[in-house]
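A.B. asks: Just dropping this structure here.
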């Protein structure tokens, strides 16, 4: 089963971090992954100025990654998040960067393309 390393960079502005749930979906030329919750047990994810890495294992090869979907869902109260960028290391060792550089508010899904 192929494994991708996803690195998420949160902005360093005041109140840039979030405690909301963050989900990731990888879309490739050969298919789409399941929706994955990005969370490390007993760790405060997505803090201001943090760069967090997660391993995402998929059932089948996705081919060349074309885009990613980020979905933010409320944990306790409305909590905005400033996402700088996401990098994806593919199973063959290639690095892809998906720039965002914007606030993600409310409960929504955004699509990022390779930059």
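Using the three backbone atoms N, Cα and C, a Cβ is placed for every residue, glycine included.
Below are the features listed in TrEMBL for this protein:
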DOMAIN    2-115  domain 'PLAT'
BINDING   17, 79, 80  Ca(2+) 1 binding site
BINDING   39  Ca(2+) 2 binding site
SITE      103  site 'Essential for stabilizing binding to COTL1'
A.B. asks: I'd like to confirm something. Which of the recorded positions, 17, 79, 80, 103, has a Cα closest to the Cα of the residue listed as 'Ca(2+) 2 binding site'?
C.D. replies: 17
A.B. asks: Roughly how many Å separate the Cα of residue 103 (site 'Essential for stabilizing binding to COTL1') from that of residue 17 (Ca(2+) 1 binding site), to the nearest whole number?
C.D. replies: 10
A.B. asks: Summarise the domain 'PLAT' (2-115) as counts of helix, strand and coil residues per DSSP.
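C.D. replies: Counting residues per DSSP class in the domain 'PLAT' (2-115), I get 0 helix, 61 strand, 53 coil.
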A.B. asks: Ten-angstrom check, please: count other Cβ atoms within 10 Å of the Cβ of residue 39 (Ca(2+) 2 binding site), all chains counted.
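C.D. replies: Around residue 39 (Ca(2+) 2 binding site), other Cβ atoms within 10 Å: 13.
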A.B. asks: Sorted by position, what residues of the same chain at least six away from residue 79 (Ca(2+) 1 binding site) have a C-beta under 8 A from it?
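C.D. replies: Listed in sequence order: 18, 19, 20.
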A.B. asks: Who sits close to residue 17 (Ca(2+) 1 binding site): which same-chain residues at least 6 apart have their Cβ under 8 Å from its Cβ?
C.D. replies: 10, 46, 47, 48, 49, 50, 81
